[in-house]
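Since the structure comes first, as structure tokens, the remarks are kept for the end.
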Amino acid sequence: MTSESGTGPPAGTAAGDISLSDLKHFETAGRLTIDLKALKENWRDLKAMSPHAETAAVVKANAYGLGLGNVVPALWEAGCRVFFVAILAEARRVRAIAPEAKIYVLDGLAPDAHHTYHLHNVRPVLGSLTEIETWSAHCRETGEKRAAAIHIDTGMNRLGLTAEEVEVLAGRPELFEHFRLSLVMSHLACADTPNHSLNAYQVALFDELRDKLPVAPASLANSAGTILGGPYTHDLVRPGVAIYGGRAVAGRPNPMRPVVRVEARVLRTRLAEAGTTVGYGAAQRLKRDTRMAILSVGYADGYFRAAGSTDAKPGGVVYFADHPAPIIGRVSMDLIAVDVTDVPNRYVNTGGYAELLGERFTVDDLADRAGTIGYEVLTSLGQRFHRICKDG
Ligand SMILES: *Cc1c(COP(=O)(O)O)cnc(C)c1O
């Protein structure tokens, strides 16, 4: 365990004592390679898109599944100084890695949590009058003007102050005397769909409501808002998924570099006759005599069961060098079968690897086949891979 322990195993370590990075390749489900150079370049590209704003990084959910211990040092090196997490436990891990970072916790201030925020020098994103009163009172008692953000709801209807609550708050300026309002933020619901009418509505409402509060840096943009630019960027942008190579805006080419590569081991190859079926449920019947490779990854590793293939619907595709091999039948917990009939023999070797996710078949390609989004693919990547970070 490293110094960042306490909230779960550090990146690259399975629960228990054995680090997957100490295992031989045949002891794991495969390789998960995180390209830290691509990660840093993605962040720098996002920064270049909004030159007048500060560029933060959202690293909630263990940095979208890629490991806080891998991602935070790389982003710090790239120049990132502001990090957003969802929960306080994540903030403590970021604090252990980056002692100087500004860290915001999106979930806000739970009752009794203010001492923990104070102790770890973490900033709550205050989303209700009660939270603001609590933080203000805490800062008054300690005599320290600690920073916090205020979250205004402009259409998401989840967290944040309503328009009426902003009015009430505007009538209570004394609350702002004791703490430092370091950010006023809101969150876009539909920025992945640039033409959605809610986008312009949210920008207008955000600008109207934050005018009622003391002057403070403002932030609205997630990855999609950062890429759309213009009226969304304000003083600070909060990209998440785009840093990790995911597609933020639908219906246009993804400008980011892939960061994740997942490879499964080839356990064996075999021949199966036309007319037979493969795997649970006999979900797909072979149309031809088929050469198959059985691979070491399944839904327990985050390869979604919904990406299986049936007679009616094609599923995911894996790659042997540049040669595609479609999945046959259902995705099992630990295994998938792929059709390698058209792949030259020399690329398909027992003990070798097949690429499941990478440049050819991306995180978003898998998401599309499985009826989900790249975010869910990233945050579902399992703990049985040998995780490797490369930098350049
Ligand atoms: C997750 C999140 C982000 C980042 O969103 P992406 O779409 O991953 O860029 C930004 N702001 C808030 C409030 C979030 O919850």
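Positions of Cβ are set from backbone N, Cα and C atoms, glycine also.
Those TrEMBL annotations? Automatic predictions, nothing curated.
Per TrEMBL, the features are:
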type: ACT_SITE; residues: Lys60; note: active site, proton acceptor
type: MOD_RES; residues: Lys60; note: N6-(pyridoxal phosphate)lysine
type: BINDING; residues: Arg158, Met333; note: substrate binding site
type: DOMAIN; residues: 259-390; note: domain 'Alanine racemase C-terminal'
type: ACT_SITE; residues: Tyr280; note: active site, proton acceptor
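Overlay of TrEMBL feature records on the structure.
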residue : record                       : DSSP class
Lys60   : active site, proton acceptor : helix
Arg158  : substrate binding site       : coil
Tyr280  : active site, proton acceptor : helix
Met333  : substrate binding site       : coil
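The Cβ of Tyr280 (active site, proton acceptor) lies under 8 Å from the Cβ of Gly329, Arg330, Ser332, each on the same chain and at least six residues away in sequence. Geometry remark: Met333 (substrate binding site) versus Lys60 (active site, proton acceptor), CA distance 26 Å. Neighbour counts of Cβ atoms within 10 Å were compared across the recorded positions Lys60, Arg158; the minimum falls on Arg158.
Between the CA atoms of Arg158 (substrate binding site) and Lys60 (active site, proton acceptor) there is a gap of 17 Å, rounded to the nearest whole number. For the domain 'Alanine racemase C-terminal' (259-390), the predicted model reports an average pLDDT of 96. Secondary structure by DSSP for the domain 'Alanine racemase C-terminal' (259-390): 27 helix, 46 strand, 59 coil. All chains included, 12 other C-beta atoms sit within 10 angstroms of the C-beta of Met333 (substrate binding site).
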